[in-house]
Amino acid sequence: MIPQSNPTAQRRSGDAQNTNNVAPNSVATTTDTALTASTQSGSSSNNANKKLEYIGVYKIGPEIGKGSFATVYKCIDTTNNKAVAIKSVYRSKLKSKKLLENLEIEIQILKSMKHPHIVGLLDYKQTTSYFHLVMDYCSMGDLSYFIRRRNNLVKSHPVISSLLHCYPSPEGSHGLNEVLVLHFLRQLSSALQFLRDKSLVHRDIKPQNLLLCPPVHSKQEFIDGEFVGMWELPILKIADFGFARFLPSTSMAETLCGSPLYMAPEILRYEKYNAKADLWSVGAVLYEMTVGKPPFKAGNHIELLKNIEKANDKIKFPSAAQVPEPLKQLIRSLLKYNPTERISFNEFFNDSLITCDLDDNDQPLETSQMDENLFISEYISPIAPAERSQFFKEQKKNDSVVRSPSPTTATTATPRQDNVVQQMTKITSPVPDDFALSIARNSSEFNLKKDDMNLEKDYVVVEKRAVEVNALADELAHAGAGADAIPNSRKNSDVDQTNRLASSQQQTETASYRRSSSSGSQKRPSFSERRISLSLSPTNALTKAIGLASNRLFGLTTNSSHSNVSAIAEDDDSSTSNNDASSFSTVIPSTNNHVLLQKLNLATIGEPGTEFDLGSVSNLDEQILDKLELIANIANAVNLYADVKFSQIIPSPPSSDGIEDDTEMLPPKIIHMISQEGIGLYIKTLSLLGRAMDIAGQWWFEKYDAVHGERPSFETTVRINQIVQWIREKYNISLERLEFLKSKSDFTAEETIEDNEPNGTTRVQQAIFAAALGIARETALKELLRNSTDIECSYVTSIYMLLAILEDLEESDRQEVKKIIEKINSRLKNFMGK
């Protein structure tokens, strides 16, 4: 699989479409070092232009897509000055025969694909470090980006503005206009029929792999290019054939691949499947086009399969989507659980919705102001770095709108104690008050290891990583290395009890934020009532969440896990209002953390290196295990903070009469702000979890895939697999919550997007930094006031949160954060030594 980022880089130009001059054995004229410099650049666009780097005759432009194995660049063909997309695949990442085979098959398939609705391979070059696939450039991005961001793009993209003016979505619907749906369906079916004639199954059809190009300039050009649909509308093309296979109608496959949300149930069941799996994916994509979201969602593929089975082939459509009955029937015939009951390809291709004539209005869209070389995401202009610090200053003044002073400041301690507390908090974090602002001011100069300055791009990367994360976890589990395969002191009846508790929590919170239950529910609190819980500062909310989850952070023995959780919950209920209790119950992670750290490694935690150094461990497998445990705990700390944001947005069950007063909803600006903060935190969590999976994957390859690999110890294998399974579950749950927050953010973005909205990475860095300091300060207060509850856990969590941002900082800021970590660690050691 060669993941591509959303929106992936490609744009079909009229001249390039007819060239298709594939040169499989040609070699790039530049050195690998030149491209590597461009790849590692914090701003690939500027560096590429300044250094005038080339791949053959192609001038390297800005990075517009990124995955685990490849980076996509917008480039210029200097022979005709046309834009192309170059997908540069890292040779070093393709360490197994299967990955190399996927790439070779993708290249072979693309070389034979010459169809107007399939992304064409124009050229192919390779160097000692990269495979370069030169492909059509689709400047309008992908279908997923178009569906989710059209309310923002309509203000700045001339073609989309004209398109949605002519074909608006139904009022109250998040889906597309019926005409657009049928137009894209016609083009998708044309490409699928071409693949079917060649006995090809794509196996990864999803909105992210359906790319869009601007409309052609005339009806005659449309006819000459053999396009289908309406000539005045955008052109859809299928991309990313990394999973595709030549699969005759009598053949079956059994490889788990593709995006789970659009994956056929027979693939989710690990059963053999045929080309009909693509038809399920088409039905899922068609549903998303009409409704605005996938037909089924879940935190992992197991839950997804359960949801599909539970639906029992009953596909429901929101009334606001106004989906016509023939379209509903087609979608339902595609989304049949049993592939034998699913509509056949011939029936699909001959459906009246596909064969009927679409009425062209012969009125072209407004394209005069469109730059065809400009990528779609570039139409949403980023904030200028100089304006970021101003935003944060203004945000400080406006914080009172959402947050009230910390309840800790209302202590009843004596004046003398107050003075001591103030001194201690200053000692605990002796950092200049403007340190956080220095992070914002210098954000554009951070030495980031990847260009994650755009949260939208990062979201797509982590979304695509979900397939790899689940595949690796499945491989380890099925190899007999799983905890279920051997006896373990931690796997006993108490663990089962803890798992049941975690499962119960997950079911409760899932039912809550999906509004799946309305019986016996209370009316949603008004905004003034909800402000009570929202006014808690993130620090206080996070501290409370940490207290509730302390047994999981420390990996307490399973004998006491259940009782501790119950005791904490009872104590919390007795000290807070019902409203607060219900609010924070959703913060508790539903996964079971008993596989995590059994030790704190305090001797090394105070001197973290840029690569999360763990000190000297003689055994390489133990080093891998310790590194995985540390990164998993760092990710878990950030995830706790993200869950706080999620709990503030999560919807309450509807009232018994099914009526909600619009005045009782949170203002869109606040929803958008909290959602954006949560999105950034979840993306940071997912990037850390993905990093841990990369380490585990490398270990797995060296120990099992390599011919002369030395087998690890039995116990180490089990422990690493336990962490991998925990990471997989945490990754899937975090990704689902991220998608939920994105839906909230996208829905409110039209009313709240402002030019001075801060950079996404800056916002995340500041939020984590401020929360970590806040936890440390409040923990010092609790320690001074002889309140020893969760002191150890809170200090360690603040350290983990600071470690999460350490690598992304430039050297001067990194040294300041290290000093803070050392101070907190010193206080932790003193407390533990008492």
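Glycine residues also receive a Cβ, built from the backbone N, Cα and C atoms like all the rest.
Residues annotated as active site, proton acceptor in Swiss-Prot: D204. According to Swiss-Prot, the feature ATP binding site maps to I64, G65, K66, G67, S68, F69, A70, T71, V72, K87, an assignment based on sequence analysis. What Swiss-Prot lists as compositional bias 'Low complexity' is 401-416, 513-525. What Swiss-Prot records for 495-511 is compositional bias 'Polar residues'. Positions annotated as domain 'Protein kinase' by Swiss-Prot, on the basis of sequence analysis: 58-354. Residues or ranges marked as region 'Disordered' by Swiss-Prot: 1-27, 394-417, 483-532.
Packing around I64 (ATP binding site) is summarised by its Cβ count: 26 other Cβ atoms lie within 10 angstroms of its Cβ, all protein chains included. Cα to Cα, the residue listed as 'active site, proton acceptor' and K66 (ATP binding site) are separated by 18 Å. Counting every protein chain shown, the number of other Cβ atoms lying within 10 Å of the Cβ of K66 (ATP binding site) is 26. Following the DSSP three-state reduction, the secondary structure of D204 (active site, proton acceptor) is coil.
DSSP assigns I64 (ATP binding site) to a strand segment in the three-state reduction. Around the Cβ of A70 (ATP binding site), 26 further Cβ atoms fall within 10 Å across all displayed protein chains. V72 (ATP binding site) has a Cβ environment of 24 other Cβ atoms inside 10 Å. Secondary structure at V72 (ATP binding site), taken from DSSP and collapsed to helix, strand or coil, is strand.
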